[in-house]
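Okay, so here's the structure we're looking at.
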């Protein structure tokens, strides 16, 4: 019997929209994700594709357990971790101190931090910059450090959201190699969000295409990638006016009318 | 409600190292920011106390404060009170933005949000320690010698810790729902200082109408209990056992505040990311 790492059943995520004057009075709400259902087996590597604003990041934060869902149910078996690059780095502190800060933020114990420190230093390849404050780092160096710390964690489910798009090619390859190792030797479940179709194709087994908050297609990576790039080409080939119309229709589909909730009803509701 | 209290307590106690590390490195980062670093943790409260002493003590010539026939001159009296206020005031003020200032962390990783107010309070506890050293030095210079009764300070420090933690739990959640809370608190906190016995003893003399009634109203402020407790321990040789009813009242208020804070935190723990 195949065991599921993640089982998602008809989930929706709703955001409230502000109107043009930046006030909460528009009574509009918006489906960031609408009626998504899928199951992912343990050890699967899922590439999540989709155009900007289609809900990829929302989905990854839901999978990471950061964000709550409004409808449906979600079952996750195992510890999950979102690989985030620059978060939790304090720019006043040195790289070495930041390893300890971020380790602590991620909930590691003192001994665990000591254990991972050397491997993080080796992986990040920062040299003497390790002892400089992070504010002096280039953006590539920052992401090297952040990514190395995140990789030192040992969760069952990795969620990688656009993390490989920074850093030079050599480092990106190193990260990809490391994740391949995780995939092949340790059988981790990995969700991989990226705009680079070639990376996704190379790395993932299953593809998931989200469009306009809905699950468009899920299946073998080659097929999904082919359909997705076809769609993107098609969209780009359209005249600006037609494209705008399609995007507008898509947007309207996701909006739903709302009954306004005041501050106090939000505060008191469900107490 | 008990579920939420249990939840917050459990999350805080299972993340003690996380709280300690965050507080420690935030302090370190603050110090790195300036050239003299830790010097300012001592200098800024010292300058403030000096100012108040100059105006109220010297210029307005305040008489020694007398309780139970023990006279205490204004400077030592002020230093002890201000040391306490130097702990409570930033806890309340920074507690407001405890969650909001960590936006980049809570949106990017699974994080026990309810520990954030505790990190602020722990950070301020360090500053309180610095200020207490200043206070002790001043006391020695004024000719006071340590007594066993001074150890009650640790009890009152614990009171201040729990009180600040409860208040910042509430305020941090409210600030997430309603950003105006922070501005409101920043404006009100100055007023609050004058309603607490920090730079004056909060007692109206007999020529003020209803002075007895006003004096008891002043005592309803939990901060009154804490500051007066520090002074009782140091100057007046009193302890908690000398006013059991007031102690009971203080802990009831703090427990109610803590319960409200936990309930709010528990209710909104998953919603913060959408409220940013």
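Heads up, the Cβ atoms here are built off N, Cα and C, so glycines get one too.
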Per TrEMBL, which of B:103-124, B:125-146 is transmembrane segment?
-> B:125-146
When TrEMBL is consulted, the range among B:38-60, B:222-244 described as transmembrane segment turns out to be B:38-60
Restricting to the same chain and to residues at least six past its boundaries, which positions have a Cβ under 8 Å from a Cβ of the transmembrane segment (B:125-146)?
-> 23, 27, 38, 41-42, 45-46, 49, 73, 75-76, 79-80, 82-83, 86-87, 90, 153, 157, 160-161, 234
Given the transmembrane segment (B:191-210), which of the listed stretches B:38-60, B:72-88, B:152-179, B:248-266 has the most Cβ pairs that are under 8 Å apart from it?
-> B:72-88
Among B:38-60, B:72-88, B:248-266, point out the range having the most Cβ pairs under 8 angstroms from the transmembrane segment (B:152-179).
-> B:248-266
Spatial neighbours of the transmembrane segment (B:248-266) not adjacent in sequence (6+ beyond its ends, CB under 8 Å) are 1, 3-5, 7-9, 113-114, 117, 159, 162-163, 165-170, 173-174, 222, 225-226
Sequence-remote contacts (6 or more beyond its ends) of the transmembrane segment (B:38-60), Cβ cut-off under 8 Å?
-> 31, 74-75, 78-79, 82-83, 86, 126-127, 130-131, 133-134, 199-200
